[in-house]
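Participant: Could you have a look at this structure, given as C-alpha cells, before my questions?
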Amino acid sequence: MTIWNVAALTGLLSVGLGAYGSHGLQKRVQDPHLLKSWSTACTYLMFHSLATMAVSLHPVYGKSRWTGPLLITGSCLFSGTIYGLCLLPKGHSLRRILGPLTPIGGLVMLTGWATMLV
C-alpha cells in the first residue's frame, strides 16, 4: 500500500467519522466538549490526509521520505485517541492510556511538518 493509498483511507475515515459525529454521536455522547473534540479530530485527520497526498506527489518527496509517514502516523494517533476518549465511558481504564498518547500524536505531526523545512 502506497502512502497515497493510506492518505486516501484516512481521508475516507475522516469523512465517515465526521458524518457519524454530526448524525449519530449525540445519541451516545452529550458532553459538548467531547462533541467539539470529535470535530477537531476529524478536521485534523482530513487536513493531514490532504497534506500527505500533496507531499506524496511532490517531486522531491524522496528527499524527506519520513514526511508522509510522520504526518499520517501522528494524525492517526492524535485523532484516534480523541475518538477513543470520546467513546469510552468515564473511568474506563483505557482512558488513562489514551489521554497521554494524544499529545504524542501531535508531536509526531509537528515532526512531519518540520521535515519539510530541511
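All residue numbers here begin at 1 and follow the chain in the order shown.
The backbone N, Cα and C atoms fix where each Cβ goes, and this holds for glycine too.
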Participant: Check whether Swiss-Prot assigns L25 and G91 to the same side of the membrane.
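Facilitator: The record shows them together on one side of the membrane, with a shared topological domain name.
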Participant: What counts of helix, strand and coil residues does DSSP assign across the topological domain 'Lumenal' (19-40)?
Facilitator: 17 helix, 0 strand, 5 coil
Participant: What does DSSP give as the helix, strand and coil breakdown of the topological domain 'Lumenal' (89-96)?
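Facilitator: Residue counts for the topological domain 'Lumenal' (89-96) by secondary structure: 4 helix, 0 strand, 4 coil.
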Participant: What residues elsewhere in the chain lie close to the topological domain 'Lumenal' (19-40), defined as a C-beta under 8 angstroms and at least 6 residues from its ends?
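Facilitator: For the topological domain 'Lumenal' (19-40), the list is 82-83, 85-87.
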